[in-house]
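Everything on this sheet refers to the single structure shown next.
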Amino acid sequence: MIYLRSSLLRSGLARDPARLCSQCFSRLSPSRRPVAVRSFFSSSRLRAGIADHESTPSTVQKTYFSANRTADGLLASLSAVNSSPRSIADNALSQGAASSESITSQSTSQELPHRRRKRLKEEAAKNNAAETELPPDASSQLSTLSSALPATSLRRKLAAFLALTKPRLSFLIVLTTTSAYGMYPISSLLTLDPSMTPLPTLSTSTLTFLYLTTGTFLSSCSANTLNMLLEPKYDALMSRTRNRPLVRGLLSRRAAVLFAIATAAAGLGLLYIGTNPTTTALSASNICLYAFVYTPLKRISVINTWVGAVVGGIPPLMGWTAAAGQTATTGHDSWRDMLFSKDSIGGWLLGGILFAWQFPHFNALSYMIREEYKAAGYRMLAWTNPAANARVALRYSLLMFPFSVGLWWVGVVGNGFLVGSTAANGWLVKEAYKFWRHQGANGSARRLFWASIWQLPILLVGGLVTKKGLWDGVWNNVFGQPVEDEDDYLWEDEDEVAEAERKMIPAKTSSS
């Protein structure tokens, strides 16, 4: 039996029947079929036994007479042989994928606890790697407005200088200062003795309020300008601050320095003239603390957040001491009397509220832009220790409750403030708890930030509305509570006068 060379079995040659003769194809046939010879003596049963499984075509075709008809079966067998490795490979791949999936599921089910925690932590970090960018602050918006104006325009310069002041932050400081001024108890004014000190009239209290408002705003402008002067290089690395006037070159450093000095001198001068030296000293200390302690400390230690909270807690004390200065008597108007007397407790409680509020507000803000703080080199808990960042926010949110209750306890506000402050503080604590629970993920940081934005004005306005003694007369008239009869005071005055006259008559007779 003669076999073909192995080269003839290659797929390329097998697919080209023109290069092989009929004898070679017949030898390559997998099963050699016996030739059916037509005979008069062969029956149909014998012919059926001789024929193979392939049925004879019912009609005579051209290929029936071809000598190479066996090539058809041979080519079909060769193509099946050539395609079999591919099918085997595909089956192997599908089986391998199925086995890998089963192995993966089995390994996941048998995953060790510490590896599972690590995997979940990495997945959470990937899902929450980037927060939505915050909108630009007021300084950036004013810088954009200034850059769009002509270079010689006066409006361009005014917008650039106003951008140095951080208008929103300055407005918040003025709001907290004037709120404390307005919450100073009316009872202190009612108990004054006109013979000892003149009562403050509407004109003097209004002037004091204007001096306090203007002086506080100018002092805040100076502190914010000094802050921008000390870190333009780092402001350029953050999206929220890279559009500030000194970063963009809208103002020179010399102009910014002169502006900071001028606003500080004007602000402190107005506070000294219109309020008292204690309020002026508090404002000056706040400028120095913010510009020369807090600003450089941001690149050194995470303690900068606590220093910044102290800066935020001083303005309510300024408003309280400004109001206390109007009722201070001669010899009782020193800084010790205004800051450490019994009447100063309300001011310290308001300062404590602002101190505690800084942490949920700033920790949520810093978490949303933690990568920018990290790139700029600012040491913030948001990226150095995110877990502690969330814990601190929750802890100081809870501290808002005792400070608010303390204002009611010492008689600064009425019962309505107790209800309103509990609701507002409860909202803040709820968002702070979610921020701690989710570690800033799932939008909890943004919700806490906006909750703090709304909670503080609600608290301050609520304190002004429910101020102790402000609505007593209205409350009594509406709810019909009995009012002490004025006739009782008249009868008491007549009795006192009659008794005094009886005492004076014997004295006159004895002298005569």
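Each residue, glycine too, has its Cβ placed from N, Cα and C.
In Swiss-Prot this protein carries:
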- 97-111: compositional bias 'Low complexity' (COMPBIAS)
- 126-142: compositional bias 'Low complexity' (COMPBIAS)
- 91-116: region 'Disordered' (REGION)
- 123-142: region 'Disordered' (REGION)
- 1-47: transit peptide (TRANSIT)
- 171-191: transmembrane segment (TRANSMEM)
- 207-229: transmembrane segment (TRANSMEM)
- 255-275: transmembrane segment (TRANSMEM)
- 300-320: transmembrane segment (TRANSMEM)
- 345-365: transmembrane segment (TRANSMEM)
- 399-419: transmembrane segment (TRANSMEM)
- 448-468: transmembrane segment (TRANSMEM)
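If you look at the transmembrane segment (448-468) against the transmembrane segment (255-275), you find fewer than three C-beta pairs under 8 angstroms, all six or more positions apart, and that falls short of contact. Remote same-chain residues near the transmembrane segment (255-275) are listed as 161, 164-165, 207-208, 210-212, 214-222, 225-226, 228-229, 245-246, 283-284, 287, 318, 321-322, 325 (criterion: CB distance under 8 Å, separation of at least six residues from the stretch ends).
Residues 139, 164-166, 169-170, 173-174, 177-178, 181, 200, 235, 244-246, 253, 256-257, 259-261, 263-264, 266-271, 273-275, 279-280, 283-284, 286-287, 290-292, 295, 315, 318-319, 322-323, 325-326 of the same chain lie 6 or more positions beyond the ends of the transmembrane segment (207-229) yet place their CB under 8 Å from a CB of it.
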